[in-house]
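Straight from TrEMBL, the features:
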DOMAIN    A:79-290  domain 'ABC transmembrane type-1'
TRANSMEM  A:24-47  transmembrane segment
TRANSMEM  A:83-104  transmembrane segment
TRANSMEM  A:116-137  transmembrane segment
TRANSMEM  A:165-188  transmembrane segment
TRANSMEM  A:240-260  transmembrane segment
TRANSMEM  A:272-294  transmembrane segment
């Protein structure tokens, strides 16, 4: 950026700073109302005995719900599942997305169409995709995957029950790979051509060019992709609800789905609130490196 | 909407604002060797194949669709498509359109002034404010759903279009602020200075100079918000039942099971087509909006 707006003057009067702030306030207030207020209410709920199946027995519970949370093995399992799903699908999407971005970067006949086809899975309604995959792709007797494993001589797998986590990772990666590809493609297009040219003149092999020039240049783009993907994948819900219902034996229950089960199937609002809060705190703890990275990017930008 | 936006998305290439990311595109050694081209096509086709397969199955009879070996040659049938539009489809579709359009319009009305206060005439600690907006996207939605449900219940908003509009507002606002702010930063400094003049001219300069300049960016932000709103499932399933959006209509077909693969394929195609087309239109400026807020 050559010029950003004039910086806020140091000696800004009160009136001036309010006129600057005014346009921001509506958005800020709405965001606070919709995200922070429910969060504070969750803290209050989590301290109560509150199960709709025991009406009239709402009472203050202190830290009971938390004690139950920390001793519930399914809760810990669901945290593990969240990590496996998020990391697995993020890594898979980024690796495939990077390969595709490198392939689709250079001009060839029909490249525009190829790119458009590749991006399409990202826009297909996830609920629709999940239902279609369920019967047409994962089904053990007439799904596409069964036919493929036959074709290469592998035994048939009942994907959704025997390889349930892999199946969820597969469909999630299918959805997010195009997004990773788009972002990385944009990164590759901003690659300084002269550096690659210099590497070529020096007789660098294709792999050396990739490792020495492309990857370092792409680093911030890779980091941003990882951040955006994991932010979304950590919230995975529809695919789990529609494909495996969290099973078998909670094997694909992630934290979002477990809170949903506790709140809207067992109607234990107090306990579900505690689950949500502990999950939130742990997510923040795990996401802190990511957040720091993001603020690092912004500070860099500010320095320019 | 589709028809009017496509010509507006095109001129962005000529605008000075768009030149920054594009200046390095010398086409010297940019043509792919044929193995790269073949692999590129192959990869794209593999990613697209489930979509193509869905389209294919939607034109098969249920018997053909249930064949253990995928049938590529068959006598097409259109019997599944009329079926899609029964069972209250139009009510759900109308709700989906209303939710996507209204929430997106309100998001833009809130996000444009906010982005202005972060980029053009920045508040103090603008970085921190921006950071706050983005950080709300990292909170697990599950942690807040119970109070949302209870408050909605007390206000009589459960099972209404209104509650989904409100929640989609919270969901899309941070993203829209981020994107619009990046587009504003691509606008040349002199133009912004004109827009930042003191007095009554500020609003007019913004409306008549700056906003038209970033119009393609605003369209792509709007389209992306629409896509996310259209596809949203978690709030829909938890806060609504009968008065809801298309993902819940789609969900009804879960009970149909394996015997109705072709029918499911037809519904899935119909509900996905609008956003896929919108997505194709906005794919290019979408990346610019997401990227140039963070990495340059």
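Glycine residues also receive a Cβ, built from the backbone N, Cα and C atoms like all the rest.
TrEMBL labels come from automatic prediction, so no person has curated them.
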Contact between the transmembrane segment (A:240-260) and the transmembrane segment (A:116-137) (3 or more Cβ pairs under 8 Å, separation 6+):
yes
Which sequence-distant residues neighbour the transmembrane segment (A:116-137)? Criterion: at least 6 residues beyond either end, Cβ under 8 Å.
100, 104, 143-145, 160, 171, 174-179, 181-182, 238-239, 242-243
Would you mind listing the long-range same-chain contacts of the transmembrane segment (A:83-104), meaning Cβ under 8 Å and 6+ residues beyond its ends?
111, 114-115, 118, 165, 168-169, 172-173, 176-181, 183-185, 187-188, 210, 214, 218, 222, 225-226, 229-230, 233-234, 236, 252, 254, 286
